[in-house]
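What follows is one structure encoded as structure tokens, with my remarks underneath.
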Amino acid sequence: MQCRNRLLLLAWFSSLLVVSLTLDSDLEGEDVAAEEEEDDEDEFGGAGGGGGFCPDSLFPKLTLLRHVTPRGNASAGRFTKVARASSLLDCTKACCEQGALCNLVFLHGSSCFLVRCRSAALCQPQHRPGTKFDSSFMVIVRPPQKSSTSPSQEWSSHSTSKSSEDLLSRSTVWKSGKVSGDSSEGVTNSSSVSVVVGDSGRTCVYGILQQCLKNEECVITGQRRRTGTCHCRQGFTRDPASDSCVGTQNSSVSEQAVPTTSPLSSSSTKAAAAVSPTTTTPYPLIVSAGENKELHLPENEVVLSAYALKAGGDAGNQFRYQWTLVSHPDGEETGVMQDQNTQALKLSHLREGLYTFRVAVTGNNSYGEATTNVTVLPPKRINKPPVAVIQPDNVTVKLPSKDTVLDGSFSTDDDKIVQYHWEPITIPIGYSPKLNDTPTVQLKDLIPGFYQFMLKVTDSDGVTNSTSANVTVLKEMDYPPTANAGPQSVVYMPNNEVTLNGNLSTDDKGIKSWEWTKSPDTDKHVDMEGTTSPYLHLSNMEVGVYKFLLKVTDTADQTATAEVHVFVKPASNQAPTADAGKDIRVSLPIDKPLVLDGSHSSDDVGITLWHWSQIQGPKPSQIEEPNSATTKVSSLVPGEYVFKLDVLDANNLTSSDNVSIIVTQNKNSPPKADAGGDRTVFLPVDVVSLNGSRSSDDVEIISWRWTRDPSSLAAGRILENSSFSPILRLSELIPGRYMFTLTVSDAQGATGQDMASLIVKPTPSLAQQVELLLDVDIETFTQEQLDTVLKQLELLLHDGESLRVHLVDLGYQQDSRRVRITFVAEKENAKGSWVLCRGPLMVARLKQRLRTHSALLDWDVMSVDTVVCQNECSGHGTCDVYSKRCVCEAFWMEDFVRASLGDRESNCDWSVLYVIIISFLLLSVLSTSLWGLACFCSRMHFRRPRVKRNYTLLKDSRDIEKDSLDLIPKGKTLTTSLMASDSDSDTLFETRPRPSVAVKPLTGNHRTGMSNGGLKNRVHT
């Protein structure tokens, strides 16, 4: 049953493994070394043709690792990110295409990196536990350097070897940082688990039966090695759907038990055929060879155990086991193997080095194998014990110095000291050292005495050694105490009590204890209380003389004694007789307080003092008049109460008597809640309390609860969780009405409620309060600076009358943390009383003084204004209480000249209509002025005078033909312009006969008959 449980647990654990792993084994003896050398040349031989694990024929063998990163992290080599890789296959192909420039593929999340390793040590996989590394994978494509072992042996604690085509082709595109497909299966830190897969990259070892699947045979691929690939036997072909070999004819062949391997020259195997409609698909076994073993010589024996089960978890079949040696340390002696064909392999006579064993498990139409490593380490070195050394080893400390250091870092060992441990051996009583397990320890607050400490050191092999150091602490000079028992005392009977006082005793270092004793010379009875305190109370004394001794002891145990006498005189009268009345028995509820009557007490002289007190009861009661002959008690709960009456006469003689009250309860009454009534307070106030402690119950109230009424203001903060106490405390209140309901409960669950209203009104001086903002940080502002500022404000606001400034509040701005001071000013009137000054007047006066005497304040004033905005806004608006700016009415606006350049007060001085009219007039005047100025400048501009020219009329074509002579001027020649000519040209034009047919002039305008520039400068008169 235990074996079956272990197999089921292994099945659950192995369900996370990738079960399709490759098989590659070498021969033993001399052939093994030759084949390993040939394997090195084939698998690690450069980048040509893909090189190493990446030949041209689509990656025959790769190694996938999960939950790992390169040991050297970013310094392991050169990382190149592949941006367009959409699957694990694409990423690995990219590494193959890089040749010798890529050793491995590292995937993290959705990123693919090609790594060229600097060395094998830096690129060795480092296991990383935790969900953070679930998406971290490594594919070993080419080991960074030549090695005598395969990568699966070198990094067997992390890897899962698979046929690269089967591993990578079934890896889909990774999403969200996870690799899907077979490659995303979990890999443990145990030895590799592998099975044989098909002939497209499926390997086998010739000579090992049942390694290939049904209808398959092992064909050797090389001349010097036994490894080969599984091919379908003659007469069978591979079915891609089931990845198995099926018959080429319509009928299938049912086979007897035949060997599944064949030599290189064999072309077929014996088979017995039978017709069947289908073939059975073989399945692999899940095999585990156990965890890797590690031995230390001279121990050289170990037992390896293997477990196997089917992929579906069925472990009921009987399996056959075959153990083979894969690799061993160099040398002729390899050790002894026993029970090679059993589930447990016994090994003995092992040598130092690494052994690799493979177990092949066969069953009914199933096969699987696994490998495991046995590491034999050299004998542990001969360790020399460490040497513990403490410096200094002998220390003397003299008070008042109380500290010293012990250094154990000088301890030595042939390898390394891994632990320091300090222990006290001898220490004075009352001292508790704090020792840390560090090379150096510091001793603090030492007291006088002798100390011895031991240091215990432990080396890397667990061997210990110890030594000790002595510390002596010497005390300083201490003088003995002086005892003082107080003055002599005289007592008159019947007063037989007195207290002796010894607190006048002194010592330079302090008195540690007092001890009062009765002198052996006194044989009278007396009761003594407080014998170990400075005060000794004596009672029940007899007439006579008493002698008492006081012994005091200082911190150094030095003592001193003193004595005192007490004289007890006989009484001159009789002591009074106290009478507290008869015992009382009542039942709850009680309508009124109970009366205790001590008026029957008597004395021969006369009683001068009565005093009632409770000495027993379930809870304290309330005694209304404890110093009267008759009193009342209340707040009683079920139980028995005992009250004591003490009476005193004129001679200080006393007497006492007790009375009992037994309270029972027949019926419970609900409690009565009293919230304290309505209250009205004025700001500023820091904390307001609502008192519900006057609530009452016939037995006892056990809980109080204050709740805010829905119609109450939500402002205000409840302090210290007082909503569950008799007194509710509130802070940060604003003006308004607050309502709270008090609910009280007694022990029987009955409740009572009462409501209280709190009305918070603003301070009467709120309108006169002035707020001043200073340019100073509140964190550096001291009380002395605040007092200085208040005195400086009095000087600035003083105007011939007596004036004083009172601080109302000190705060700060939330954003700038500048100091904000709120104050009021008072002045003395003619009647000698102090009255508040108007806030706006104080603000105006302070602003005026700050303009001329700003140096009187130590800090710059950022702003000064009344707390409540009192700006009348020129009678045309309202003042905003938060921004303190005027909100003007319709058709009114702010005088920005006054607000910016004048007194800088917000206002509503300007009418929008008048501003528009005046603006229009000003714009018109400005436009007219500019136009006039432009005209004036235009007229004043200098212009060249036009030259007047004389002109004459042009001849027409007929005159030219008739007369070619020039006209001779007759008379005065006039020089004028064409437009203002005084010539007779008009007459000439009018008297000249007009042709009947218009003749177009040769040049010029055809309308006027004038050529361009054709007028002559002379005109005939």
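All residue numbers here begin at 1 and follow the chain in the order shown.
Every residue, even glycine, has its Cβ placed from backbone N, Cα and C.
What TrEMBL says about a protein is an automatic prediction, not a curated fact.
Some features that TrEMBL has for this protein:
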| type | residues | note |
| --- | --- | --- |
| COMPBIAS | 152-162 | compositional bias 'Low complexity' |
| COMPBIAS | 245-255 | compositional bias 'Polar residues' |
| COMPBIAS | 257-277 | compositional bias 'Low complexity' |
| DOMAIN | 49-136 | domain 'Seven cysteines N-terminal' |
| DOMAIN | 286-379 | domain 'PKD/Chitinase' |
| DOMAIN | 387-476 | domain 'PKD/Chitinase' |
| DOMAIN | 482-571 | domain 'PKD/Chitinase' |
| DOMAIN | 581-666 | domain 'PKD/Chitinase' |
| DOMAIN | 672-763 | domain 'PKD/Chitinase' |
| SIGNAL | 1-22 | signal peptide |
| TRANSMEM | 912-936 | transmembrane segment |
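Below 8 angstroms of C-beta separation, residues 891-893 of the same chain, each at least six residues beyond the ends of the transmembrane segment (912-936), sit close to that stretch. Here the domain 'PKD/Chitinase' (387-476) is broken down by DSSP into helix, strand and coil counts: 0 helix, 48 strand, 42 coil. Summarised by DSSP class, the composition of the domain 'PKD/Chitinase' (581-666) is 0 helix, 50 strand, 36 coil.
Remark: secondary structure over the domain 'Seven cysteines N-terminal' (49-136) totals 26 helix, 30 strand, 32 coil, with classes taken from DSSP.
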